[in-house]
């Protein structure tokens with residue numbers, strides 16, 4: 001059990017420092033499109049190497065591959081593109097907090113698609129999340145609404161990615177297999193998009209090359225491996241509660257490294273969003289326990 005907790009904590013910390021490293025690349029002179037392209041390219045290479053070493057199968061049906069390509073580009077790829085672009089306008093920790101609005105969008109999608117009941121605990125969580133998001137927008141005039149919109153949209157696309165992974169035809173495949181196809185598709189698509197728009201550029205300094213490789217290997221591939229291991233040991237509900245360390249890491253590291261300052265309403269909003277995520281995770285755990293009890297009683 002302890003290894004599972006440590007794995008989730010390590011994964012959350014790695015995911016949490018990725019916005020800070022991406023911001024460093026922006027300060028090195030790279031644009032957000034190129035950061036995303038190099039992240040995906042390095043992740044693809046590292047993921048391929050790990051799959052070959054671990055002998056993880058690449059096999060998938062043509063239908064599964066097609067769906068993984070679409071979900072990879074529209075879900076995983078667009079999420080990275082939108083939130084990285086948001087770092088140009090708002091503090092990295094705040095952008096991560098807005099992205100963590102995705103549980104609200106997941107709930108909306110599931111209610112529409114499956115008529116899933118919200119329940120009292122989830123309803124309270126949605127209310128806290130909505131109020132928290134409004135407070136984080138800071139209508140006093142200090143907020144950059146372009147950055148907020150980009151970060152919120154990244155929450156929508158990530159919600160699409162999460163739901164797709166739960167309900168699509170490829171959900172039974174190994175996590176690295178789905179990640180590999182998503183990375184390959186995103187690498188090709190966003191490289192072509194950057195070439196056409198004239199934005200593609202190589203990392204300009206040795207430091208930026210190193211940062212891009214760290215993001216691709218540690219903050220993407222290794223963090224996913226740790227997350228999947230932690231989920232296998234602890235279960236998805238327990239893992240999701242610990243995953244709250246990710247936005248907290250981004251907030252704290254952004255404040256320490258860049259001196260990001262948040263207004264009091266924004267900090268209260270961040271607290272409400274964190275509380276909402278914990279409530280959603282708790283609701284999932286309660287639902288999971290009830291399902292187990294029903295199965296045991298049969």
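Just so it is clear, glycine is given a Cβ too, placed from its N, Cα and C backbone atoms.
Per TrEMBL, the features are as follows:
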DOMAIN    2-136  domain 'EamA'
DOMAIN    146-281  domain 'EamA'
TRANSMEM  32-53  transmembrane segment
TRANSMEM  65-87  transmembrane segment
TRANSMEM  93-113  transmembrane segment
TRANSMEM  120-137  transmembrane segment
TRANSMEM  143-163  transmembrane segment
TRANSMEM  175-196  transmembrane segment
TRANSMEM  208-228  transmembrane segment
TRANSMEM  240-258  transmembrane segment
TRANSMEM  264-284  transmembrane segment
Recorded stretch that, among 65-87, 120-137, 208-228, has the most CB pairs under 8 Å to the transmembrane segment (175-196): 65-87
Intrachain neighbours beyond the transmembrane segment (264-284), with Cβ under 8 angstroms and 6 or more residues off its ends: 94, 97, 100-101, 103-104, 107, 119, 121-122, 124-126, 128-129, 131-138, 140, 236-237, 240-241, 243-244, 247-248, 251
Per-state residue totals over the domain 'EamA' (2-136) - DSSP helix, strand, coil: 112 helix, 0 strand, 23 coil
The transmembrane segment (65-87) and the transmembrane segment (143-163) contact flag, 3+ Cβ pairs under 8 angstroms: yes
Counts by DSSP class (helix H/G/I, strand E/B, coil) across the domain 'EamA' (146-281): 113 helix, 0 strand, 23 coil
Sequence-remote partners of the transmembrane segment (120-137) [C-beta within less than 8 Å, at least six residues beyond its ends]: 94, 97-98, 101, 103-104, 107, 143, 145, 148, 152, 265-266, 268-273, 275-277, 279-280, 282-283, 286
For the transmembrane segment (143-163), sequence-distant contacts whose Cβ falls under 8 Å of one of its Cβ atoms, 6 or more beyond its ends: 71, 74-76, 78-80, 82-83, 85-90, 94-96, 98-106, 108-110, 113, 133, 136-137
Per-region confidence, the domain 'EamA' (146-281) (mean pLDDT, whole number): 88
